[in-house]
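Notes to accompany the following structure.
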Amino acid sequence: MENLNMDLLYMAAAVMMGLAAIGAAIGIGILGGKFLEGAARQPDLIPLLRTQFFIVMGLVDAIPMIAVGLGLYVMFAVA
């Protein structure tokens, strides 16, 4: 029974990290598409849009990093 609980713990950590990575990839893809739409619509605002794009992309990309940290914590510290 203990071995089954450990397996479920590892699977839960893997699902958490995987779903966070997939969600961030989708979010960055949508964000990049909207950046290109805005840059094509108003080329004079590209420097402002680029700055905002990189700030938001960093925030979106931080979510999977936090999920990886929590997943590794669950796998090695809790287990």
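Using N, Cα and C of the backbone, Cβ positions are placed for all residues, glycine too.
As annotated by Swiss-Prot, topological domain 'Periplasmic' applies to 1-10 (among others). Per-residue confidence over the topological domain 'Periplasmic' (1-10) averages 82 (mean pLDDT, predicted model).
Among the features that Swiss-Prot reports, N-formylmethionine is placed at Met1.
The transmembrane segment annotation in Swiss-Prot covers 11-31 (among others).
The annotation topological domain 'Cytoplasmic' is assigned in Swiss-Prot to 32-52. Look at the topological domain 'Cytoplasmic' (32-52): DSSP puts its residues at 20 helix, 0 strand, 1 coil.
Under the heading transmembrane segment, Swiss-Prot lists 53-73 (among others).
The site 'Reversibly protonated during proton transport' feature in Swiss-Prot is assigned to Asp61. Counting only same-chain residues at least 6 apart in sequence, those with a Cβ under 8 Å from the Cβ of Asp61 (site 'Reversibly protonated during proton transport') are Ala24, Ile28.
Here the topological domain 'Periplasmic' (74-79) has Cβ contacts under 8 Å with residues 6, 9-10, 12-13, 16 of the same chain, all six or more residues outside its ends. Annotation source Swiss-Prot lists topological domain 'Periplasmic' at 74-79 (among others).
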